[in-house]
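Asker: My structure is below; once you've seen it, I'll send some questions.
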């Protein structure tokens with residue numbers, strides 16, 4: 001089934017993916033294209049509506065991103081946001097200029113709305129502004145429909161041509177009733193019906209996969225992460241026993257993670273699963289290696305070798321399943337080419353695996369949509385909402401050289417940490433939390449005796465996408481319980497510290 005489509009035209013704004021997600025939350029399928037996309041390509045997509053994103057440039061400068069005037073002649077409703085309203089105004093003959101110190105607006109701003117179908121049902125008057133330029137004169141045929149004390153054109157429209165623009169950001173949470181404005185644009189102006197749901201996606205995708213793969217064979221590298229897990233179950237729904245999954249257990253997983261993967265996919269979904277216990281092999285390769293990038297490279301390359309060896313035992317495979325999701329496609333060139341994700345985001349495409357074609361069942365989905373699909377498919381919440389885990393696993397959470405002893409210590413400490421977060425009801429509130437084992441020992445006193453044991457670092461952050469993050473303000477009583485349990489229950493640890501570094505300047509992982 002072909003769904004109604006709204007296009008987001010990206011001018012370099014930081015919220016391009018957020019806008020697309022907001023559209024999809026309205027049950028409308030959405031894709032992102034760069035502002036350099038040709039008019040022919042836009043026409044081929046046959047969109048019901050178009051949204052211009054914000055951007056860091058000034059519309060009146062010659063080298064700034066622009067758009068062909070032809071797009072305004074398509075008869076398709078267009079909504080310009082921030083830079084989007086400015087480039088619309090500039091291209092159509094309005095005047096955009098740099099704002100003076102008083103005219104620059106950042107953060108929550110009081111606004112006065114006029115009559116417009118965009119603002120139907122809006123009862124609040126606070127929006128989120130982030131601009132240094134402003135529209136001094138709107139193009140011919142446009143009407144000003146909102147203003148602030150310092151921004152005379154906070155919104156404009158040309159109803160006859162179905163062109164609309166807002167200077168603020170309705171897509172961000174801080175903009176009161178911004179979701180209503182987007183809904184009004186989609187349903188009142190673009191006249192969409194809202195036919196994009198997880199149910200419809202699953203049904204359409206299974207049908208598509210059956211037609212594409214038929215009775216041929218597919219191979220999937222299963223990590224136990226959300227993306228590869230959902231991809232595997234979706235493919236299995238379509239082709240059943242013609243799917244084989246290889247799960248390379250490199251010995252660098254969290255406590256019980258390998259057993260959980262085996263239980264879920266073998267017992268619950270009855271998927272052909274080959275579990276390869278390669279712990280000794282990986283630890284042998286990592287012996288004495290302490291530099292983070294060297295560890296990453298070793299783990300990535302060794303995974304590829306193990307995967308190739310196991311897949312070659314199976315003979316020819318027609319399809320290789322990849323868990324590529326939509327942000328990967330966007331970041332690789334706005335849909336021109338897909339980023340081929342390797343297992344755990346390490347390594348690359350196996351060179352010696354005999355397959356004809358790659359299949360990416362999730363390439364149209366954002367992460368939150370992948371999770372919804374996973375729940376619809378019956379994958380348990382514990383896996384679907386598990387915190388992000390790096391490809392090299394404990395190999396980069398053990399700081400310095402990696403040994404089995406250190407991995408075992410870290411596994412136990414991390415398990416205690418996660419257990420306490422779940423008991424406190426904080427696990428789902430946190431984007432990512434984990435324990436790390438620095439290559440440091442400290443002096444302590446336990447049972448009236450001097451100890452010299454490892455220090456464990458705790459990390460917890462909040463984020464929407466992992467690009468930036470804030471350290472999580474953990475309640476002191478929870479921290480105290482976690483620290484006491486780790487020191488009392490995990491042999492080889494006598495000190496616990498909590499990392500309060502945001503990103504930037506730090507990264508989320510320590511290595």
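Along the chain as shown, the residues are counted starting at 1.
From the backbone N, Cα and C atoms, a Cβ is placed for every residue, glycine too.
For 82, the entry in Swiss-Prot reads active site, nucleophile. Per Swiss-Prot, the feature active site maps to 169, 171; the stated evidence is sequence analysis. The ATP binding site annotation in Swiss-Prot covers 223, 224, 225, 226, 227, 228, 229. Feature annotation from Swiss-Prot assigns domain 'Glutamine amidotransferase type-1' to 5-195. For 196-386, the entry in Swiss-Prot reads domain 'GMPS ATP-PPase'.
Each of the listed features needs to be described in terms of its position in the shown structure.
Answerer: Around residue 82 (active site, nucleophile), a 10 Å sphere centred on its CB holds 27 further CB atoms from the protein chains shown.
Secondary structure from DSSP puts residue 169 (active site) in coil.
Within the same chain, residues at least 6 positions away in sequence whose Cβ sits under 8 Å from that of residue 171 (active site) are 15, 18, 19, 22, 81, 178, 182.
A simple way to gauge crowding: the CB of residue 224 (ATP binding site) has 22 other CB atoms within 10 angstroms, across all the protein chains here.
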Asker: Quick one: pull the CA-CA distance for residue 224 (ATP binding site) versus residue 169 (active site), whole Å only.
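Answerer: It is 37 Å, counting Cα to Cα.
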Asker: In Å, rounded, how far does the Cα of residue 82 (active site, nucleophile) sit from the Cα of residue 169 (active site)?
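Answerer: One finds 7 Å between the Cα atoms of these residues.
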Asker: Tell me the Cβ neighbour count for residue 229 (ATP binding site), meaning other Cβ atoms within 10 Å of its Cβ, over all protein chains shown.
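Answerer: A count of 26.
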Asker: To the nearest whole angstrom, state the Cα distance for the pair residue 226 (ATP binding site) and residue 169 (active site).
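Answerer: Cα to Cα, residue 226 (ATP binding site) and residue 169 (active site) are separated by 30 Å.
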Asker: Taking the centroid of the Cβ atoms of 223, 224, 225, 226, 227, 228, 229 (ATP site), which other same-chain residues have Cβ within 8 Å of it?
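Answerer: Apart from 223, 224, 225, 226, 227, 228, 229, the close residues are 222, 230, 231, 323, 383.
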